[in-house]
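These come from TrEMBL:
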- 3, 4, 5, 6, 7, 132, 133, 134, 135, 136, 137, 138, 139, 140: ATP binding site (BINDING)
- 48, 55: substrate binding site (BINDING)
Ligand SMILES: Nc1nc2c(c(=O)[nH]1)N(C=O)[C@@H](CNc1ccc(C(=O)N[C@@H](CCC(=O)O)C(=O)O)cc1)CN2
Ligand SMILES: Nc1ncnc2c1ncn2[C@@H]1O[C@H](COP(=O)(O)OP(=O)(O)OP(=O)(O)O)[C@@H](O)[C@H]1O
């Protein structure tokens with residue numbers, strides 16, 4: 001199926017989830033995250049939850065990685081060129097919503113992509129080859145292209161991957177793994 005159709009379908013499917021359903025799906029995802037082998041990981045990048053699109057609440061994941069003494073990195077989005085810049089998220093880092101409703105750090109220390117060992121990637125839907133469809137601006141395609149070859153990329157989603165995204169292009173970078181609710 002085409003990215004543009006998948007984007008519409010999975011935006012709607014996510015929007016249709018009730019908060020009770022989301023709570024249950026999240027718990028399943030968190031349990032799988034807490035089961036990952038993170039012994040080689042020092043620095044982990046997470047997205048901060050975009051509430052208007054009913055994204056997974058990443059706060060419990062952030063708290064978990066903090067409790068494991070890992071450094072947390074979050075981004076600021078530049079919609080003019082679809083680029084992200086990255087910053088350490090400390091316990092006292094101030095967070096503000098940008099005009100799209102994305103939480104972003106204020107006055108934090110910038111981090112280069114080369115310091116990131118693990119990235120949790122937001123997505124609407126992925127396929128069995130670990131390609132993904134996001135909101136369609138290419139922020140993550142650009143970001144992942146700048147990361148280390150050995151940086152681990154794990155997608156998080158409420159829905160099971162489909163067989164195949166048919167219009168994957170030269171910029172699309174496959175993830176290493178996608179975590180979605182399993183029985
Ligand atoms: N939490 C989170 N942060 C993220 C992403 C994400 O998927 N989740 N992104 C992943 O790449 C980037 C942001 N991508 C976004 C793309 C569109 C809109 C948005 O509000 N779109 C409006 C139309 C905006 C316009 O073009 O004027 C809409 O769809 O209504 C928000 C975020 C970077 N940060
Ligand atoms: N590294 C790159 N350099 C230049 N253009 C890029 C790059 N990566 C992606 N693009 C362009 O960005 C646009 C959006 O890409 P795509 O449809 O794959 O977005 P997406 O993965 O759904 O969005 P997002 O990453 O923001 O969640 C496409 O037109 C694509 O060609």
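Including glycine, each Cβ sits where the backbone N, Cα and C put it.
If you compare every pair of Cα atoms in 3, 4, 5, 6, 7, 132, 133, 134, 135, 136, 137, 138, 139, 140, the residues listed for ATP, the longest distance is 19 angstrom. Distance between Cα atoms for residue 135 (ATP binding site) and residue 55 (substrate binding site): 12 Å, as a whole number. When other Cβ atoms within 10 Å of the Cβ of residue 55 (substrate binding site) are tallied across all protein chains shown, the result is 19. A Cα-Cα distance of 26 Å separates residue 48 (substrate binding site) from residue 5 (ATP binding site). Here the binding-site residues are 135, 139, and the one with the most other Cβ atoms within 10 Å of its Cβ is 139. Summary: among the binding-site residues (3, 7, 137), the fewest other C-beta atoms within 10 A of the C-beta are counted at 137. With the fewest other Cβ atoms inside 10 Å of its Cβ, the least crowded of the binding-site residues 48, 133 in this structure is 48.
Proximity to ligand 2 at the level of Cβ atoms, with a cut-off under 6 angstroms, picks out 133, 135, 137, 139 from the binding-site residues 5, 7, 133, 135, 137, 139.
A simple way to gauge crowding: the CB of residue 5 (ATP binding site) has 12 other CB atoms within 10 angstroms, across all the protein chains here. In the three-state DSSP scheme, residue 7 (ATP binding site) is classed as helix. The separation of residue 55 (substrate binding site) from residue 5 (ATP binding site), Cα to Cα, is 19 Å. Among the binding-site residues 3, 5, 135, 137, 139, the ones whose Cβ sits under 6 Å from an atom of ligand 1 are, in sequence order, 135, 137, 139.
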